[in-house]
Amino acid sequence: MPKVHVMDHPLIQHKMSYIRDKETSTKVFRELVDEVGALMAYEVTRELELEDVEVETPITKMTAKRLSGKKIAIVPILRAGLGMQEGMLRLIPSARVGHVGLYRDPVTLEAIEYYAKFPGDIEERDIFVIDPMLATGASAVEAIKAIKKRGAKKISFLCLIAAPEGVEVLKEAHPDVNIYIAALDEKLNDKSYIVPGLGDAGDRLFGTK
Ligand SMILES: O=P(O)(O)OC[C@H]1O[C@H](OP(=O)(O)OP(=O)(O)O)[C@H](O)[C@@H]1O
Ligand SMILES: O=c1cc[nH]c(=O)[nH]1
Ligand SMILES: [Mg+2]
């Protein structure tokens, strides 16, 4: 079964309190989502492989560690996933970026794909799928299906806030995918928004409401 990691580092919890606050401006909301994206990138890269390299310090020769050069791709789910993209790229600058465009049909809540573009060698890369919200789970499930269809094998999913319902749906559909969450909330409301949540992540990031 997939591992579910809740990243409750104090810096993340602090920033999340402002991200959730409805009085937070679009500008500050965008900055904070970017910063939490970077903090999550720091945590999820903990397992990256290292290799030995010989270096000479001003004092002596030594064997040091460098990243083994494992190829990585970040895949934001449009639109709201874009808010976490730059923060992650600051920590993993060599990562390639793919995009999956999905929107939730407001009536059926089905995730409808409208765009997909991935690095040509996606099957060789470790993938981090990013989206601030995991609500019913439909968007994450469909995005990961689209990525697996192109041959990618090692996939992780990162979000700011998840509902327990979405976590269960994602675990069931993709048991091989590790899930990283900044905050695990209580439930979904009757419109399938996360409670207490942060409202509509895309609208708050881009000021569209
Ligand atoms: O788990 P789910 O029930 O699928 O809901 C989560 C999805 O909903 C939001 O996107 P939305 O459809 O609002 O698109 P947007 O990012 O363009 O605003 C969010 O960014 C997720 O992608
Ligand atoms: O609470 C939610 C649920 C889905 N999408 C959002 O942006 N927010
Ligand atoms: Mg939205």
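Cβ atoms are placed via backbone N, Cα and C, with glycine included.
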Record-annotated 5-phospho-alpha-D-ribose 1-diphosphate site (TrEMBL): member among Asp21, Asp200 besides Arg79, Arg104, Asp131, Pro132, Met133, Leu134, Ala135, Thr136, Gly137, Ala138, Ser139: Asp200
Distance-selected binding-site residues near ligand 3 (C-beta under 6 Å), from Asp131, Met133, Ala135, Ser139, Ile194, Asp200: Asp200
Filtered binding-site residues, from Arg79, Asp131, Gly137, Asp200, whose Cβ is under 6 Å from an atom of ligand 2: Asp200
Residue from Asp131, Met133, Gly137, Ser139 whose C-alpha is spatially nearest that of Asp200 (uracil binding site), among the binding-site residues: Met133
Assigned element (helix, strand, coil) containing Ser139 (5-phospho-alpha-D-ribose 1-diphosphate binding site), judged by DSSP: helix
